[in-house]
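Everything below concerns the one structure shown next.
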Amino acid sequence: MIKFSATLLATLIAASVNAATVDLRIMETTDLHSNMMDFDYYKDTATEKFGLVRTASLINDARNEVKNSVLVDNGDLIQGSPLADYMSAKGLKAGDIHPVYKALNTLDYTVGTLGNHEFNYGLDYLKNALAGAKFPYVNANVIDARTKQPMFTPYLIKDTEVVDKDGKKQTLKIGYIGVVPPQIMGWDKANLSGKVTVNDITETVRKYVPEMREKGADVVVVLAHSGLSADPYKVMAENSVYYLSEIPGVNAIMFGHAHAVFPGKDFADIEGADIAKGTLNGVPAVMPGMWGDHLGVVDLQLSNDSGKWQVTQAKAEARPIYDIANKKSLAAEDSKLVETLKADHDATRQFVSKPIGKSADNMYSYLALVQDDPTVQVVNNAQKAYVEHYIQGDPDLAKLPVLSAAAPFKVGGRKNDPASYVEVEKGQLTFRNAADLYLYPNTLIVVKASGKEVKEWLECSAGQFNQIDPNSTKPQSLINWDGFRTYNFDVIDGVNYQIDVTQPARYDGECQMINANAERIKNLTFNGKPIDPNAMFLVATNNYRAYGGKFAGTGDSHIAFASPDENRSVLAAWIADESKRAGEIHPAADNNWRLAPIAGDKKLDIRFETSPSDKAAAFIKEKGQYPMNKVATDDIGFAIYQVDLSK
């Protein structure tokens with residue numbers, strides 16, 4: 001016993017002599033979507049609100065504030081802007097360096113992971129792109145279908161030289177692991193089916209963290225391209241960050257995917273979230289928005305007093321590049337990065353400026369969430385015409401009526417960007433305008449759905465709206481921003497219908513039934529008659545919707561055919577063809593849907609948010625289907641309009 005005590009004492013003395021404290025900063029970008037420049041290619045104008053060339057200034061400042069730092073990217077990097085479109089159209093051969101990696105290499109990133117949109121262009125394109133990165137990538141849950149092994153390096157433990165508080169050099173073994181939503185198997189089925197499988201995010205991290213610790217990792221950092229939800233855990237959940245914070249051995253979570261900001265007030269009600277400290281169940285976590293509008297910063301203090309490194313203090317924050325309230329830039333351009341990107345930036349501007357046709361009228365999306373809209377109409381017109389031409393001569397498909405489903409993609413972001421609306425002016429149209437009207441490189445897929453399924457599809461779309469109390473005169477918000485993504489608000493053309501917002505939603509934002517007796521879709525007709533529940537229809541949509549299986553009438557068993565063409569290319573070709581045939585396109589909405597009139601003797605105060613611009617105000621005055629008047633501006637900058645649905 002005496003001998004044991006002496007040994008223990010010697011160990012404690014040795015640990016005390018070698019004790020050190022290290023401050024480590026982990027910085028993160030996420031969901032850059034190829035927005036390298038502070039430039040809005042859709043409007044052909046500079047911006048102070050996004051772009052890595054501005055985030056770079058925050059990165060440089062954050063680095064200079066501390067002795068020890070690392071920088072990670074959380075994915076959705078190579079897709080999502082006209083720069084990405086330009087590179088995809090140009091093609092990326094072996095040896096070519098994608099502009100995003102010219103930028104990230106210049107900023108000396110430490111490690112990166114993959115987002116779901118990395119798979120949009122196929123595995124070969126992704127492989128060629130990743131070859132240009134001068135830093136390693138990790139992903140643990142995408143599995144090679146042939147070898148049954150991880151397709152990418154699942155995790156990495158990097159020996160990192162740091163300086164402790166006494167100025168002495170120490171070595172930290174920092175472990176990085178990456179994960180991506182399993183839903184990529186549906187979203188990019190054409191690119192991934194038979195080539196990869198994807199495992200559950202939480203179980204993957206739970207499996208690997210002990211292994212990383214056994215191999216010597218002093219710190220474990222999870223790069224999770226996944227959002228934050230407090231819903232009960234489900235296997236293969238898309239948004240799994242909350243569950244990751246409950247896994248022992250995880251020291252920091254750098255996340256994204258949801259285009260939101262954590263820590264932030266939107267997440268204050270989640271149990272276990274400390275917005276002041278930036279922690280989830282005690283684990284520091286950060287999600288820095290999108291397009292470089294924020295830099296994520298996690299600060300860890302580590303001590304090895306016990307003989308091994310342990311986190312003793314932790315906090316996280318998301319630093320903005322722009323002060324929305326005061327309309328002021330908080331980050332200057334990084335001139336070195338601007339110069340690095342100049343040639344690709346100029347080429348992108350040329351690429352999106354190619355003329356494709358003409359429009360007889362303006363196309364703005366200011367009212368796309370409250371009435372039928374020209375920006376959605378032209379997409380549906382193009383998709384419907386494409387499918388009707390495609391099925392000619394097919395004895396099985398040609399006899400079926402064609403419908404088309406499209407959603408508004410630019411209607412204020414996730415209620416975080418009052419400038420994010422489609423603004424296509426009448427006159428000459430370019431590829432820039434087609435890309436503005438259809439943001440994503442989705443491919444056109446056609447599903448076969450029954451009349452009953454079309455009705456249920458629309459019922460899920462109607463979850464876009466909050467339930468309105470017809471007996472209340474208090475202000476009521478019409479748009480369900482928190483529980484429903486606007487890109488799921490499908491408008492189906494080829495049928496006519498009304499949406500009764502006084503009824504409860506039948507489905508939640510994930511198309512899970514929540515009120516079996518509720519029905520919001522009223523007066524659904526096809527060719528002027530009530531739709532036959534048993535009649536079959538072809539519905540043109542995109543690969544995300546068709547393969548996702550979330551909406552009624554979608555999923556593998558419903559696929560009628562998969563076209564080789566992107567929806568955006570279909571739209572551009574339709575604009576060109578119509579302009580050749582008729583001189584210009586006429587993008588007026590056909591008003592096949594509307595919000596059902598709310599009867600009653602009370603004057604309701606129903607409100608919705610949209611762009612605060614004078615252009616929006618003029619458009620609303622001219623094109624509004626219901627009486628609308630502006631009553632306020634919210635703290636983010638959205639204009640708040642009151643709408644009269646009594647008629």
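Every residue gets a Cβ built from N, Cα and C, even glycine.
Predicted, not measured: the structure shown is a model, and the values here were computed from it.
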Matching residue for the substrate site, where Swiss-Prot names Tyr544, Arg545, Ala546, Tyr547, Gly548, Gly549, Lys550 - out of Tyr440, Tyr626, Tyr641: Tyr440
Further binder of divalent metal cation 2 named by Swiss-Prot next to Asp76, His225, His257, taken from the candidates Asn35, Asn116, Asn120: Asn116
Candidate sharing the divalent metal cation 1 site with Asp31, His33, Asp76 (per Swiss-Prot), from His98, His259: His259
Long-range Cβ environment of His33 (divalent metal cation 1 binding site), under 8 Å and at least 6 residues apart: Asp76, Leu77, Gln79, Gly80, Ser81, Ala84, His117, Met290, Trp291
Near-site residues: divalent metal cation 1, ref Asp31, His33, Asp76, His259, CB cutoff 8 A to centroid: Thr30, Leu32, Gly80, Gly115, His117, Gly256, His257, Met290, Trp291
Tyr544 (substrate binding site) versus binding-site residues Asn116, His225, His257, His259 - nearest by Cα: Asn116
Other C-beta atoms that fall within 10 angstroms of the C-beta of Asp76 (divalent metal cation 1 binding site): 25
Farthest-apart CA atoms of Tyr440, Tyr544, Arg545, Ala546, Tyr547, Gly548, Gly549, Lys550, residues recorded for substrate, distance in Å: 19
Those binding-site residues of Ala546, Gly548, Gly549 having Cα within 10 angstroms of His225 (divalent metal cation 2 binding site): none
Cβ contacts of Gly548 (substrate binding site) (under 8 Å, same chain, 6 or more positions away): Gln183, Gly186, Trp187, Thr554, Gly555
